[in-house]
Every structure is written in C-alpha cells, then in structure tokens.
Amino acid sequence: RNRLRCGLLAGAVFGALLAVLGGILIPAGNSIIEGTVKKEAVIENGTTAYDNWVSTGAAVYRQFWFFDVTNPVEIVENGATPVVVQRGPYTYKTRYLPKENVTFTNFTVTFLLPLGAIFEPSMSVGPEEDHITVLNLAVAGAYSLTPTTLHGVVERLIKSTNSSLFQRRSVKELLWGYYDPMLKVTTGLFSPYNGTYDGPYTVSTGEDDIANVGKILSWRGEESLTFWDDKYCNMINGTDASSFAPFVDKRKPLYFFSSDICRSVSASYEDSLDLKGIKVYRYTLQPNTLAAPNVNPDNQCYCRDPKVTKNCTMAGVLDISSCQGNKPIYISLPHFLYGSPSLRESVLGLSPSPEHHDTFMDVEPITGFTLRFAKRIQVNMMYGPSKVITVLKQVKDYTIFPIVWLNETAALDHETADMFKEELFSRVETLEVLQLSLLGIGVSIFVLCFTMYCVVRCRHSPGKFV
C-alpha cells in the first residue's frame, strides 16, 4: 500500500514539475523567440534582414497607365473639356540592382540606391513605341516658370518650334526622355533615370536599439529636407517602408519617407490578412495624408501656390516642383484627386477606384518585414489661362492635368514564403507545441496521480464512527 501511495505521490509531483516547466517555458520561450528575431532583424552582414535589405528578394514591377487625350484640337481651339482614355499597363522591372557603396559606421549604414528600368513586353499591352497624346511637358513647364510679363517670349518659342499644348510621343520617350525642340534639352517624366542613383541614405542598423532599425537618419547628406518652408514638412520620418522594427503594434501608425513624393507619410492598420500562409497586417495611407489644410492643418506647409490650389482648399494633390527642378509636377493619389465631382468635371474619362488605386503595405508583424506592397501615384502637370500664349487663350482656369498613373508593386513568391515559414514560424510553432505539451501532460499526470492517491488513501484508511 505504502509503495502504491508513494508511487502515485511521486507521479503527482513529477506531473506538477512538468506543468511548472511548461509554464516556465512560455515566458522563457517568448524571450528566446524575441531575442532570435531581434538578432536577425539587425542590418549587418550574415543576418536575415541584411540579405533582404541589400538586394530585393521579390521582383519589383512598375506599371504605367497613360491618359491619352482624344480631343486635343477642340481643347486648344474651342476650350472644350478634355476627354482622356486610359492606356496601359506598360510594365518595367525596377529595383533589381543591389545597393552600392554600403558602408557601416557606429551602428549606421550608408548606401546608394541604383535606379534602372527594364521593359517587360509580356506584362504590357503593347511595345514602348506605342504613341500617346499627352500634355506638352515643355509648354506646361515654360508657362509655370515664366512670369506673365514674359509670356510673349513663350509664345514666340511655341510658334517657332511648331509646338502646341498637347504632343504625341512614344511611351519610351515620355517616360525616359526625348529631345525637346522648344527647350533644346532632353526632357521626360522620369528623365534621367537609368544609370542614376537615389541617395545617399544613412540608416540605423538597429544594433544598439532594434526599435530604430532601418530608420532613415539622413538623405543626400542632410538630416532634414529643404523643399518645404517649414520644419515640420521637412522632417524625415521612419524607414523606407521595406521593413520596420520587429513586433509591430497595430495600434500605432507606421512612418516612412518616400523620395518619389519628397516627403514623409504615415500608414495605419486596416486589416489582418493571410499571405501564402503567413499572417500579415495590411497598412494603408491615413486619410488625412493629402487632405486640404482646412481639414488637416499640418498640411498647410505643403501648399505652395494658393492660386492653383483654390486658396489651399484642394485635397489630394501635392506640388513637388521644388524637388523636381521647378517642373510644375503635381503628385496625387489616383483615386483621391479626381474623386470629387467638381474635379472630375474638369477632365472627362477618369474612373478612380480605391480597389485599384490605393497604396498599401502588408507587414509581417513579428519581423516587421514588408512582404507585399503596392505604391500607386498619379503624375500631373499644371497649366492655366493666358492672354498672350495662343494655345492657352481658351483655357478658363488653372488646370492640374493627369498624364500618367503608376503602380509599383512586389509580393512574396511561394519559394521565399516557404523559406520564411520554415526559418521563423517552424521554430516558433515547435516551441509553442513543446510548451503546451509539457503543460498539458504535466497537468494530466498530476491530476490523475493525485486523484488515484486520494482514492487509494480513502479506501485503506480505518473508518471513523461516532
């Protein structure tokens, strides 16, 4: 009897120890996981973060949809409302070159981001030689840069080169450059591009503080921008959006800097999704990002020309001429600028929709890596009325005219997803199974042995009578 009792009691103690061990492994295991993730998230040679940082793992594509003007003669001669037809996509592979001049110094890393674009015919509606009728970049640029008193000079230039408010050019010319007879220089929406660099950037490696990993400390050698006449607007906040600090808190917005739009922006959590078996957080740009200053006063410093923006009340548009060599380029979110009826009436043929035009990032919350993204931006130029320039005499008001919208996108492929799950989640799941198994088995053994011990003790104990 005593041996049986001792055996059951020992079993109960053993079960209790297993349960306690399982309980201890929960915080200890979480600490191990956290330590491993933080170590692999540091940007230094040999880590998972470095391998994905120095060269983009997923293919990045930039697709262009042009707004082909169907009634250019009627617009110039009669002041007709412009009608456009969307043409695209014309697709290019980008961000395929690894970072260059990578230099580590005191928990920071400095680098250059080489730029290049390779046309992808199989992902395009036609060849680069397709011709599109769009706003004449030179005429719009000359109008914006020249004071009213010198409009006569612009008029003579236009007539001497047989230019007009609109031009017909190939996709390749419009994107990457062509010789303009009026300006007598090479011009284009993204000219020059191939063979150029973005940066240099200096970012935190996260080695001293993982919360700062990837945070941009300087761009082009400056800790803040010089494009805006305000300290707030000139701030460089967050990362480049390719990754964020690990253990993402969805209650807080994510901040990132985009050199394409010459400013920092923020994105807020929208939903949790499954991406090839990996849980990700969907982040989208906050609604007030390009809101008019009367809605979001923080955007007042981004309003550069009250005349064009209706006394800074126009939402969804950003004048980036100050960082584009004074070209009158206005960036907008494709669904935002022409989302209101009044703006849609100024150009017919636009059909914006959040589903196809929203910018988003899908971030894996444990590592902070961005596993899928879509950056949608619309490029517009401005022109307005003139009493001297013939091609603008029928123009009634300042017009922000759409030229092209682009979708830069990348997504985790199946091979990388499987590797990601194997390296990270298989370890996490193994540890969780071990924790729960020890806890479950320990509790079961303890309950079973302790119950049997009590039963045996009751059966063999002498009865008590009153």
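In case you wondered, yes, glycine gets a Cβ from its N, Cα and C as well.
Positions annotated as disulfide bond by TrEMBL: C233-C301, C262-C323, C303-C312. The annotation transmembrane segment is assigned in TrEMBL to 433-456.
For C301 (disulfide bond) paired with C323 (disulfide bond), the C-alpha to C-alpha distance reads 15 Å. The Cα atom of C312 (disulfide bond) lies nearest to that of C233, taking the disulfide-bonded residues C233, C262, C323 as the candidates. A gap of 10 Å separates the Cα atoms of C262 (disulfide bond) and C233 (disulfide bond).
Within 10 Å of the C-beta of C262 (disulfide bond) there are 21 other C-beta atoms, taking all protein chains into account. Between the C-alpha atoms of C323 (disulfide bond) and C303 (disulfide bond), the distance comes to 14 Å.
A Cα-Cα distance of 10 Å separates C233 (disulfide bond) from C303 (disulfide bond). Counting other Cβ atoms within 10 Å of each Cβ, the lowest count among the disulfide-bonded residues C233, C301 belongs to C301. Note on C303 (disulfide bond): other Cβ atoms within 10 Å of its Cβ, all shown chains, come to 20.
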